[in-house]
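Here Swiss-Prot flags 21-31 as motif 'Nuclear localization signal'. Residues or ranges marked as all-trans-retinoate binding site in Swiss-Prot (evidence: similarity to another entry): Arg132, Ile133, Tyr134.
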Amino acid sequence: MPNFAGTWKMRSSENFDELLKALGVNAMLRKVAVAAASKPHVEIRQDGDQFYIKTSTTVRTTEINFKIGESFEEETVDGRKCRSLATWENENKIYCKQTLIEGDGPKTYWTRELANDELILTFGADDVVCTRIYVRE
């Protein structure tokens, strides 16, 4: 079983602004969000299939607790409440489908994958995919 536990810092990010656009975030808020999310700090605790993930930026801190295969509540990248279900896509990759609790919007998901001692995080909104690569601190 892969070990996601540890603290992670972002090395690169692609398409974050495009992702926010696809989610309908206005230009002013996108500018603030892109600046704030340029140096996120991620802490992951893992006990088998049980995960705790805390992501901190200068503007916002999010925390999620979940177990693979059990639905849980969290927020989409743009802050809307959703019901999520994380599953193992393969032995090193978690896929999490998000379903909005209220309202309409693009189909969203995230993945987290360990590869070559890097954490590869993707956020998807319909056809737009943001990829962020993290390294251990």
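From the backbone N, Cα and C atoms, a Cβ is placed for every residue, glycine too.
Note on the motif 'Nuclear localization signal' (21-31): DSSP counts are 7 helix, 0 strand, 4 coil.
A sphere of 10 angstroms centred on the C-beta of Arg132 (all-trans-retinoate binding site) encloses 21 other C-beta atoms.
Following the DSSP three-state reduction, the secondary structure of Ile133 (all-trans-retinoate binding site) is strand. Annotated all-trans-retinoate site Arg132, Ile133, Tyr134; additional same-chain residues within 8 Å of its Cβ mean position, judged by their own Cβ, are Trp8, Met10, Arg11, Ser12, Ser13, Glu118, Leu119, Ile120, Leu121, Thr131, Val135. All protein chains considered, the CB of Ile133 (all-trans-retinoate binding site) has 16 other CB atoms within 10 Å.
Here the Cβ of Tyr134 (all-trans-retinoate binding site) has 22 other Cβ atoms within 10 Å, regardless of which shown protein chain they belong to.
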